[in-house]
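Annotated 4-amino-2-methyl-5-(diphosphooxymethyl)pyrimidine binding site per Swiss-Prot: Gln52, Tyr53, Arg54, Ser55, Lys56, Asn84, Ser123, Lys153, in sequence order. Positions annotated as Mg(2+) binding site by Swiss-Prot, on the basis of sequence analysis: Asp85, Asp104.
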Amino acid sequence: MRTVSRNEIKRCSAAPRREITGLYAITPDTGDTSHLVAMTWRALAGGARLVQYRSKTLNEELHREQARSLAHLCRRFDVPLLINDHIDLALEVGADGVHLGREDAPISQARLKLGHEKIIGISCYNELESAIEAECNGADYVAFGAFFNSVTKTDTVPASIDLLRQGNLEIRIPIVAIGGINSDNALELISAGADAVAVSNALFGARDIRSEAAKFSGLFKRQSFHPSLSRTSQ
């Protein structure tokens, strides 16, 4: 990967910063659409501020059905829905954007298809330079992780808490932390500079999804009492 110059970083820092913060719910992989919608409703009712529809096992028809149902639900809550990987599906169902990984389409291609109003998030794993380059290429947020052992994904790369602190110094777009996050370890990431925490198993595997979502949301309210740790004033 090429090195990004300081002049490029300075130009990128002038770009508008989207408000992406709080609990970022990543849906579980299930073929039961009604159950998926019901679980996501509970997460939204508990305070989730962003939803990502992620499915790796379903056929195209069911994938489309679920994405459309979640788009309708998220509009009711006025919460953005992002589609994992699939740009065309995001356009088809009227989702608010996409989340892309290392093997997915480049940001430029996604932006060309989606336009400037849609959200594009990028997985940067444990690579700060990838995040800097993603910002310069027009990403709306970057995701670092895994910070802890993940049940949802077993092929993750470890990321350190210091990466969040360094990210605060180098980039201005929101930073999402991901990987093995639960309500017991999330505050450490938020305090280190994560604008949002992306959670799947600890949220949707909870006995009471709504209460668990509220617990995560409460961590951000708790952090708001420490303005010196906030990135919004940068």
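Here the Cβ of each residue, glycine as well, is placed from N, Cα and C on the backbone.
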For Ser123 (4-amino-2-methyl-5-(diphosphooxymethyl)pyrimidine binding site), just count the other CB atoms lying within 10 A of its CB, please. 22
Under 8 Å between C-beta atoms and at least six apart in sequence, can you list the same-chain neighbours of Asp85 (Mg(2+) binding site), or say none if there are none? Val98, His99, Leu100, Gly101, Asp104
Under 8 Å between C-beta atoms and at least six apart in sequence, can you list the same-chain neighbours of Arg54 (4-amino-2-methyl-5-(diphosphooxymethyl)pyrimidine binding site), or say none if there are none? Ile26, Thr27, Asp29, Asn84, His99, Ser200
With the cut-off set at 10 Å between Cβ atoms, which of these binding-site residues ends up with the most neighbours? Options: Gln52, Asn84. Gln52
Once DSSP output is merged into helix, strand and coil, Ser123 (4-amino-2-methyl-5-(diphosphooxymethyl)pyrimidine binding site) belongs to strand
